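Presented below is the structure to which this report refers.
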Amino acid sequence: MAKLTVKDVDLKGKKVLVRVDFNVPVKDGVITNDNRITAALPTIKYIIEHGGRAVLFSHLGRVKEEADKKGKSLAPVAADLAKKLVQEVVFPGVTRGEQLEAAINALKNGEVLLVENTRFEDVDGKKESKNDPELGKYWASLGDGIFVNDAFGTAHRAHASNVGISANVDKAVAGFLLENEIAYIQEAVDNPVRPFIAILGGSKVSDKIGVIENLLKKADKVLIGGGMTYTFLKAQGIEIGDSLVEEDKLDIAKDLLAKANGKLILPVDSKEANAFADYTEVKDTEGAAVDPGFLGLDIGPKSIAKFDDELTGAKTVVWNGPMGVFENPDFQAGTIGVMDAIVKQPGVKSIIGGGDSAAAAINLGRADKFSWISTGGGASMELLEGKVLPGLAALTEK
């Protein structure tokens with residue numbers, strides 16, 4: 001990566017501004033998944049161990065009006081982070097003003113402060129989300145000219161707390177998490193060890209058109225699963241029963257299939273049910289077609305075997321999107337089968353592109369078997385599409 005990283009700057013005695021991604025699920029004041037906090041620890045620890053004074057910024061959820069602030073404070077995150085660091089995390093509970101400035105100026109080397117939810121600034125004119133220049137300048141003024149972006153999950157957004165601060169400091173550098181995310185995902189797409197196989201699932205073709213187009217150019221094969229399977233099948237004239245379909249995307253699906261030159265591999269059977277929720281019958285289809293009155297909710301056993309075969313010998317695998325409704329035990333065999341097929345390949349670099357795939361790997365006990373699990377669903381999708389991420393582009397060149 002041709003950008004400066006946190007290792008390239010002198011941190012001692014400096015108030016170092018750090019954008020982290022602490023957008024974690026909080027229920028009744030309790031954090032239910034702390035993965036993103038844990039992922040930020042190496043960068044935070046590096047800064048404080050090298051004598052920096054870490055001033056952390058993060059958003060939590062969406063905040064559009066005053067009422068949305070309820071339950072969106074970063075207070076529980078500050079408490080959790082303090083436990084993980086085994087030291088106090090100063091939390092003034094505001095996003096600007098004298099109280100915040102005094103607390104930052106009182107920091108000593110090796111101390112940590114967390115600014116309140118940056119999206120609280122969205123209540124009055126979306127200042128954070130629309131990258132208000134004055135807000136970016138103000139937040140930048142709270143530090144000593146160094147900004148560390150370690151929030152891959154928001155790198156595809158141009159917000160005041162990443163791009164805005166970057167524009168107003170001497171050096172904007174990447175943290176370890178951001179550096180690793182780019183190294184794994186971009187390297188996999190731009191310079192993969194081959195065979196390189198991409199696996200795309202999820203419900204909608206519309207969400208993945210750009211990704212499919214880019215990966216058809218880069219990968220040796222692209223395997224398709226999940227709900228979007230049925231738009232591709234219908235585009236080929238195959239009966240899909242009551243399965244999910246995007247009628248307005250059938251022509252795009254046909255076009256992608258025509259351009260793919262055999263690289264796009266579709267399921268050859270499905271696990272179908274006679275309703276999405278209150279079903280009374282679940283069975284495997286004979287072939288690719290789904291029976292009338294049924295809908296496909298997972299890839300079937302023949303498809304699992306086919307995908308296992310296609311993955312044999314793969315050296316780079318990027319997976320984004322589950323194969324079925326994995327939250328339901330009746331429809332998780334496809335996702336489990338594909339995960340197991342990926343991780344058993346000798347010497348494979350296996351990457352999960354965040355979002356539902358990451359949740360599936362964690363919930364189904366396979367997370368530790370992958371080379372890398374991205375912390376940013378949207379950002380990893382845009383990297384897979386070949387897009388430039390604003391948060392990354394704003395960093396200082398080496």
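Heads up, the Cβ atoms here are built off N, Cα and C, so glycines get one too.
Since this is a predicted model, take the numbers as computed values, not measurements.
Positions annotated as substrate binding site by Swiss-Prot, on the basis of sequence analysis: D21, F22, N23, R36, H59, L60, G61, R62, R119, R157. What Swiss-Prot lists as ATP binding site is K208, G296, E327, G354, G355, D356, S357, and the listing cites sequence analysis.
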So of D21, E327, D356, which of the binding-site residues has the fewest other Cβ atoms within 10 Å around its own Cβ?
E327
List nothing but the largest Cα to Cα distance in Å, as a whole number, among the residues K208, G296, E327, G354, G355, D356, S357 that the record says bind ATP.
24
Of the residues named as substrate binders, D21, F22, N23, R36, H59, L60, G61, R62, R119, R157, how far apart in Å are the Cα atoms of the most distant pair?
18
Ranked by the number of other Cβ atoms within 10 Å of their own Cβ, which of the binding-site residues N23, S357 ranks first?
S357
Under 8 Å Cβ-Cβ from G61 (substrate binding site), six or more apart in the same chain: what's there?
N23, D68, G71, K72, N117, R119
Which is it, of G296, G354, G355: the one of these binding-site residues whose Cβ has the most other Cβ atoms within 10 Å?
G296
Taking the Cβ of K208 (ATP binding site) as reference, which residues of that chain separated by at least 6 in sequence fall under 8 Å from it?
L200, G202, M228, N320, G321, M381
